[in-house]
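Undergrad: Here you go, one structure.
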Amino acid sequence: MRPGEESQLVPKEIENAADEPRVLCIVQDTTNCKSVNERITLNLPASTSVKQLYEDVSNKAGYVSSTFSLMWGNGASNTDMAALDPTPDRTLQEAGFEAGKKNFLHLTDKDGEQPQLTSDESGTADSSGLDDSSQEKFIGPLPREESVAGTSNYVSQNYSYSSLLSKSDTGYVGLVNQAMTCYLNSLLQTLFMTPEFRNALYKWEFEESEEDPVSSIPYQLQRLFVLLQTSKKRAIETTDVTRSFGWDSSEAWQQHDVQELCRVMFDALEQKWKQTEQADLINQLYQGKLKDYVKCLECGYESWRIDTFLDIPLVIRPYGSNTAFGSMEEALHAFIQPETLDGPNQYFCERCKRKCDARKGLKFLHFPYLLTLQLKRFDFDYTSMHRIKLNDRMTFPDELDMSPFIDMEDEKSPQTDSCTDSGAENEGSCHSDQMSNDFSTDDAVDEGICLETNSNIEKLNKSVAEKNSLYELFSVMVHSGSAAGGHYYACIKSFADGQWYSFNDQHVSRITQEDIKKTYGGATGNRGYYSSAFASSTNAYMLMYRLKNPARNAQFLEASEFPEHIKLLVQKEQEQEEQEKRQREIERNTCKLKLFCMHPVKQIMMESKLEVHKDKTMKEAVEIANKLMDLEGVIPLDCCRLVKYDEFHDYLERSYEDEEDRTMGYLLGGVKSSYMFDLLLETKRPDQVFQSYKPGEVMVKVYVVDLKTETVASPVSVRAYLSQTIIEFKQLISKSVDLPPDSMRVILERCYNDLRLLNVANKTLKAEGFFRSNKVFVESSDSLDHQLVFTDSHLWKLLDRHANTIKLYVSLPEHPRPTARSVGPKGGGDMNPQEDYCSRAKSVDAILEESTEKLKSLSLQQHQDGGNGDSSKSTEGSDFENIDSPLNEVDSSGSADNRELENRILPADPENNFQPEERSDSDVNNDRSTSSVDSDILSSSHSSDTLCNADGTPIPLANGLDSHSITSSRRSKANDGKKETWDTAEEDSGTDSEYDESGKSRGEAQYMYFKAEPHAGEGCLAEGSKCLLVNVDKRITLAAFKQQLESFVGVPSSQFKVFRVYASNQEFESVRLNETLSSFSDDNKITIRLGRALKKGEYRVKIFQLLVNEPEPCKFVLDAVFSKGMTVRQSKEELLPLLREQCGLDLSIDRFRLRKKTWKNPGTVFLDSHVYENESISSCWEVLLEALDETEKMKSMSQLSLFTKRWRPSELKLDPFKEVVLESNSVEELRDKICEISAIPLENLEFAKGRGTFPCDISVLEIHQDLDWNPKVSTLNAWPLYISDDGAVIFYRDKTEEVMELTDEQRNELVKKESSRLQKTGHRVTYSPRKEKALKIYLDGPTNKDSAQD
C-alpha cells in the first residue's frame, strides 16, 4: 500500500465512527449498598449490546455484573420501569434506547439481595495484584477523610468508627477506637500477634458455670482473638473487653500509658488464671530476673537481693544531661552501670561496722523469653514545671544480642554468698535518673520492676536455650503527640510471613523497614534542652523482642488445630456475625418513616415510627400500621388506609387507590435514609367512603363563623385546586358546610393575624396565595355587617379576638390575708390600702361558687358600639360566657346590677402613662429569688438557710454579682464631694408601678376580652388547690390582667403578685405591668401569691443578716420594700417591727447597721443619714443587716471599716473577727490599730489581705506560707492590697511566734479536718490541677467498681 493510500484510511474510520449514533445512559444506584448513591454516566454507541452495558456499569460501580438489575422505562415515567434483560443478544438501539437523548436507568437489587462488591468476590487476600512497593503505605495517625489504599469501600452502618466493613487486603482485622482507647488497641494487637500468648490463651477453657462471661477477662480476650483471626469484618469492637475490665463508658475517654496498661492487664490475668494451667504463663513468657547489689570498696563485702521484672525502663536522656543516648544499647549499658556511694552517701558496711565507700548497681541474671523495653520519653521539666516529652532520636536494632548485659560471673558463682538485704533503699543515692527510685517499692512497680525478696533464693535453671541471648524485634508501639496527649499505634512483624504491618486502630496496612526507622525519633536542626515541652512528634515508646530459639519459637494455631471449645466458639461467633449480616440486610431494605393517626375514639393525634420491608404490599403495611396504633378491635381493617401526609403543613398529599397490591418500595420511591413526607393512617366509619386525594390538590380547613352567637365552629376539611376561582371555591365550600354561596364571605388567614377577604370572584386560589395547607373562615348571614369595610366589621373584630385569645390556668392563694405594713418614705406618697377592703370582700370559695351559678344563668351579650374591641375564643362551637364579679358588687357604689368581667378599663390620667422598663422578666429574675413575697410572707426560695420560718417548697437561689456593684473607690468620691444621682426616674426600678404618686390606679384605655371560670383537674399545679381557667386576650397588659383577677383573689391587685410557671415547675415573677401577655401561650400556668406590689419609686429588697464568726456568715432574713428618697434610719425604723415579729430579732436601732451586699461580700456601710437616692440600686437589691456589740463607730463616709483576724502559728488556729475602723487609708494607721487590739509590738506585727470571698477561709496548714505577708506599701488602695471600700479581711500575726511542729499522724488528722471544714463552707482558695486518673482493672466486675477503687 502506498503512503498516500494509507493516510486516507484513518480519516475514513473516524468519519464512520462519527456517523454512528450514540446513546447517553444515566444510571442511578438505588441499592443503598454504598454510603453515597452514585450516578454513573455512560455515552455508548447505539450498537453496544445490552450485555455490554451491564459489563460497563459493573466496572464503573464496582459490582459483580450478575448480582444487580438495571431498570429502564423506555423514556416513560418511573412508575412504568421494568428490568432490562441482558440475555438476548440485542443492541441498545434494538432495545428501544433513543440516541441523542438522556436515557435514565436505575441500578437495583436482584432477587432481594444486595449487589456483590468486586472486592468481596476476590476474598481477603491480595486481590489488587500490586506488589508491596506499589501499595500505599501508612504509618502514623490516619486523617479522618483518608482511607488505606487497596481496601474496600463497603460501608458499615453498625460500627461508628469503621468506615469500611470488609476485611483489609492485608488479611488482618483492626480494632475500633472507642474514644481514647488507642493505647489498648496497640497492646491487644501485639498480644494477638504473639504466637505463644495467643496459643496459650486458646488452650484455656472457660467454664460458664463458675464465672459470668461478661466479667471474665480471659474469656473476652479469647473471643476477641477468635474474631481477629476468623472475622471478615474490617474492624472489631473492644467494648466487651473493656466491660470485663469493669470499665464504664467514661473510661473510654481517659488517656493512659500503654506500659501501665500492660502491667495492670498482666496482673489481672494472673489473678484470673490462678489454679489453672495458665497460672504461671505471664512469668514464663515475660518475667526476667536481676540482682540489686551494694559492694563495699574497702573489704569487698557484697549485699544483694534478687528482683523480678516484666519490662526494662530505659531513660532517653540522663538526668542533668543535655545529650540523649544515641541507641538503645547505650541506654542498656547505662541501666546496669554502677554508681559510687561516697561522701554523705557512704554505705554502712556490716563487716567493717562503719560507713565506707561502696558501689551500687544492677546486674541482669536472666532475660525473659519475650523481652519488653520501655523508652521513657516522658519527663518533668523543673524549670517550666511542666511534664514534657523527649523526642530525641534513639535507634534500636532489629536483632538484639543481650549476652553483653548478663553477669556471667554471677551465673557461675554460687548464689549463697551474703544474701542479706543491703538496706540501701534507705540510703541516699546520687545515681542517674533510672536508678533514683529503684529501691522504692511503689516506684519500682511503676517502672515495671516487681521486687521479690526471699531468704531462700532458688538457684537459676540454666538451659541451652537460655544461653542463647539473641532477640528478634517484632513489635514497636509508637506514641504520636506530646506529653499533654497523643495517639498510640503499633508496628508489628508477622511471624507467619515476616512482613511488617501498621495496626492503627481499625486501619491495618503494610509497611517496610524504612517506616520502622522513622520511629527512632529526632528532628533536624539544633534543638534546645526544653524545646520538646509541647512539641508533637512520632517515635517508638515500647518495644517487644522475642528470643530466637527454634526449639521454643511457636507458630500460630490454624483453624483446623483449634481446641474443641475454640471451634465451638468460632461457630458461635460466625453464626452471630451471619445473624448481624442478615439483620443489616433487612435494615437496608426497610422503609422507615413517621406514622400519624387521629384516634377514632380518643380524637387525639397519635405518632409512631413505621418500619416496613420494601417488598411488603400496601395492604400488608396497613395491617402493620393498624397494630402499631393499637386499633385492633377498635375499627375494622377495611376502614383504614395509608395516605401520603405532610405533618408540618397538616396536608394530605395523595391517596393510593387501587394500589393495595403494590410494594411499599415502589410506592415510596425506594428505601431512603429519610423521607420528605410522612404517612397518615386514615380511618372512616363503615357507612362512609374514603375521599380520593390527588397530587396537586390543596387542603383547606374551613371554620364557620356565627356572628349572632360570636362562635367559631370546629374546622371542616375541604380539598380544592389552585386553578379554581373564588366563585367555584365558594360553591365547593357550600356543599360541605351547607351555607348559601351568594351571601358567603370567605376570609383567608395567610399567617398569624393576617386576614384577607376574598371578594374577587374570578381570581384563582393560586393568585390569592393559597398553598398546600390553608385556613379559611366563612360567614353567611343576612346582617348589614358585610356592607361595612372589612377591618371595621364585626366579623373582623371577632376573628381578631379569636386569633389573640389564649387559655391560662391560674392557681389562687389559699387564704387572702390583710397585707402587712409597707416600708415607705415618711410623710407622703403612701397609697391608701383600704384596710377594710379584705374584710368586706367575699372569700375565694364564695366567689367561685357564686361565679359558677351565674355562668349557668347569664345570657350572652353583644357589644356593637364603635369602641367595642371585645372578642372571644370558642372551641368546638362553644363560646366564652361573660360573668360578673361578685366582688365588684360589694365594691361598687351601691349598685347590685350584674356587671360583666369584660370591662372597659377606665382610662388613667394622661400623665400616668407607663414608664418603659429596660429589664425583661428573665433578666429581673435571673439574679433574684424565684419566689419573691411581701414583707410579711417569707420567700420560700430561702427556706434552706433562712433564720425565720417559711412555707413553701424550697427553690435554689441563684446568686450572682450585682450588676450595679461599686467598682470605684467610695472614699475618693466622698473626698471629692461628688454625689451619685439617678439617671432617669424609672431606670433602675425593678418594676413598673401599678399606681401613680397620688395612689390612682393605672390602666389601659382599651377594651380587652377576659373570661374566667372555676377549673379542676389537668392544668392545676396542685391537687385540691383553687384554680381558674382563664381565657384572655393576650394583648391585655399585666396591670389590667391583675385588675380583672382582683375579685377572685379577694384583695386589690396591688396586694398580690403574678408568677409564671415553666415546664420544670420553676417560677418567675412577672413584674412589668405595662407589658402585655403576648409572651404567654395556650395552656401556660400562672400562680398568684399574696404580697404587696410595688409603687412608683419602690424597690423590693432582700435583707440578709451578717454573722461574721458563724460557719454560714450570710443568712436570708426577709423581703422588705424600700423607696427612693428614704433615709437609712427610716428604713431601719420600718425594719425593727418586722424583724421582731417575723424573725424574733429584738434589736435596738442604734445597735445594728445596714450595709451593701455584693455577692457574698459585705460592702459599704450605710450611715443613718444616707439617702438611698444617692446609692445606685437595682431591682435585685440585696442589703446586709449587721448586729453591733456597741454603738456605731462609723460616723463619716471618709472612714473605713475592716475585718481583722489573728493567726496564731504556735496553736495553728485563728481568732474570731474583730472590726477596725480607720480614719484614712494609711497602712501605718492600720498597723497601729491592730497593735492596740492585739498587744503585739509594732516591730513584730505582720499582716496580709485575705483572698477570695468573705470570710476568706483558708487552711491553717497553708495560711503561714501562702498569703502575701507584710506587703511593702504605705496606702491600702495600692497594689497588692487594693482596699478602697469597707468589708476587706486582714489577717495578722506575731512574726516571732514559731509554727507548731506536727507528727505525721497529727498532720494527716489535721489535713482531714481542714479539708472537711473547707468543703462544708465552700471556701477553698488553693488551686490544685486535675490529677490523672489511675488505670485500674476491676476483677469483681463493674458492680463493685467503687469498692475496688477504694
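Here the Cβ of each residue, glycine as well, is placed from N, Cα and C on the backbone.
Pulled these from Swiss-Prot:
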{"type": "REGION", "residues": "111-138", "note": "region 'Disordered'"}
{"type": "COMPBIAS", "residues": "115-132", "note": "compositional bias 'Polar residues'"}
{"type": "DOMAIN", "residues": "173-548", "note": "domain 'USP'"}
{"type": "ACT_SITE", "residues": "C182", "note": "active site, nucleophile"}
{"type": "REGION", "residues": "409-437", "note": "region 'Disordered'"}
{"type": "COMPBIAS", "residues": "415-437", "note": "compositional bias 'Polar residues'"}
{"type": "ACT_SITE", "residues": "H487", "note": "active site, proton acceptor"}
{"type": "REGION", "residues": "815-836", "note": "region 'Disordered'"}
{"type": "COMPBIAS", "residues": "859-877", "note": "compositional bias 'Polar residues'"}
{"type": "REGION", "residues": "859-1000", "note": "region 'Disordered'"}
{"type": "COMPBIAS", "residues": "916-926", "note": "compositional bias 'Basic and acidic residues'"}
{"type": "COMPBIAS", "residues": "929-945", "note": "compositional bias 'Low complexity'"}
{"type": "COMPBIAS", "residues": "973-982", "note": "compositional bias 'Basic and acidic residues'"}
{"type": "COMPBIAS", "residues": "983-996", "note": "compositional bias 'Acidic residues'"}
Undergrad: Please report the three-state DSSP label of C182 (active site, nucleophile).
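TA: DSSP call for C182 (active site, nucleophile): helix.
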Undergrad: Any idea what the Cα distance is from H487 (active site, proton acceptor) over to the residue listed as 'active site, nucleophile', rounded to a whole Å?
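TA: Roughly 6 Å, rounded to the nearest whole number.
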Undergrad: What same-chain residues, at least 6 away in sequence, bring their CB to under 8 Å of the CB of the residue listed as 'active site, nucleophile'?
TA: H487, Y488, Y489, D505
Undergrad: Over the domain 'USP' (173-548), what is the model's average pLDDT?
TA: 79
Undergrad: Across all the protein chains here, work out how many other Cβ atoms are within 10 Å of the Cβ of the residue listed as 'active site, proton acceptor'.
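TA: 21, counting other Cβ atoms within 10 Å of the residue listed as 'active site, proton acceptor'.
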